[in-house]
Amino acid sequence: MGLLVDGRWQDRWYDTGSTGGRFERKASSFRNWITPDGSAGPSGEGGFPAEPGRYHLYVSLACPWAHRTLIFRRLKGLEAMIGVLVVHWHMGGQGWTFEEAPGATGDRLHGKRFLHEIYTTADPAYTGRVTVPALWDEKRKTIVSNESSEIIRMLNGAFDGVGATEGDYYPEALRPEIDRLNERIYATVNNGVYRAGFATTQEAYEEAVRELFASLDWLETILARQRYLAGRTITEADWRLFTTLVRFDAVYHGHFKCNLRRIADYPALQGWLRELYQRPGIADTVDFDHIKRHYYGSHTTINPTGIVPLGPDLDLTAPHGRDRP
Ligand SMILES: N[C@@H](CCC(=O)N[C@@H](CS)C(=O)NCC(=O)O)C(=O)O
């Protein structure tokens with residue numbers, strides 16, 4: 001685990017010393033947008049038009065943020081238009097690597113050994129963390145974006161004119177509601193599990209866990225009365241929550257000590273989780289082997305032995321019982 005400083009790799013764990021033991025996630029650095037015609041998006045510069053075959057996603061199958069982008073690539077039928085490169089599940093002293101492993105692809109595009117070499121190809125003087133997902137432009141040889149929340153918006157809309165599957169997961173009419181849901185879910189659930197797991201003081205840990213379970217209780221009440229988070233239609237808000245909850249009982253409950261309750265203890269959340277998991281093509285994007293080995297094996301400050309637990313026995317293929325409008 002480490003980061004790049006002026007284009008040079010340094011092996012360092014997160015610094016929580018200056019923040020009272022709290023883990024604070026840094027903002028992503030590459031913030032350009034693919035748009036239908038290459039005009040500039042909400043941030044960054046223009047020049048990234050939607051073109052089949054031009055862009056590739058660097059992902060880890062373990063990572064919930066990268067998982068969002070794999071799901072949107074599948075939902076929008078972009079498999080033939082956007083390539084995928086999968087890193088090895090272990091994140092060690094050199095960060096993410098392209099070492100061979102079942103389910104990893106290696107760097108078929110550039111033949112690099114480490115993901116940080118992709119970042120320095122994009123920007124030789126890059127300073128910052130080397131994270132997945134990273135959306136690569138093979139034409140301009142740069143990273144378009146390494147911010148998952150923005151990559152899924154691009155995949156949702158930018159390729160519609162060049163043959164993407166129909167479907168809008170961020171429809172105009174529901175945007176205020178989706179934004180409201182995302183805001184709380186990001187802070188207390190998606191990032192909340194990391195704030196709990198990477199906390200280095202009791203106080204910081206407890207604060208994160210209390211907020212996390214208050215949010216899960218709130219989400220349970222929403223999903224007990226309606227099928228999806230924003231109502232009758234599935235939206236981006238559901239998929240963003242899905243990638244955290246599908247990992248919850250397998251890793252966050254044990255490894256990150258988020259153990260007041262399991263998702264299996266929440267009837268509505270569990271049914272909703274199963275329903276999303278059982279949607280066409282989604283189970284193929286979930287790799288529990290990479291997920292468990294990555295978390296338990298890579299975070300040596302939390303789990304020094306690197307032992308990966310055998311359980312739990314998850315049953316995501318059981319009937320979900322949510323066939324109502
Ligand atoms: N805000 C980013 C976060 C991405 C992120 O933190 N990915 C993790 C893997 S789950 C990573 O690559 N971490 C490496 C590091 O922090 O050095 C996004 O949503 O795309």
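Every residue gets a Cβ built from N, Cα and C, even glycine.
Of the listed candidates (W89, W96), TrEMBL assigns W96 to the same glutathione site as R129, V130, T131, V132, E147, S148. Proximity to ligand 1 at the level of Cβ atoms, with a cut-off under 6 angstroms, picks out R129, E147, S148 from the recorded positions R129, E147, S148, Y194, Y252. In the structure as shown, the Cβ atom of S148 (glutathione binding site) sits within 10 Å of 26 other Cβ atoms. Sorted by the number of other CB atoms within 10 A, the recorded positions Y194, Y252 start with Y194, the lowest. Separating the Cα atoms of R129 (glutathione binding site) and Y252 (site 'Lowers pKa of active site Cys') is a whole-number distance of 22 Å.
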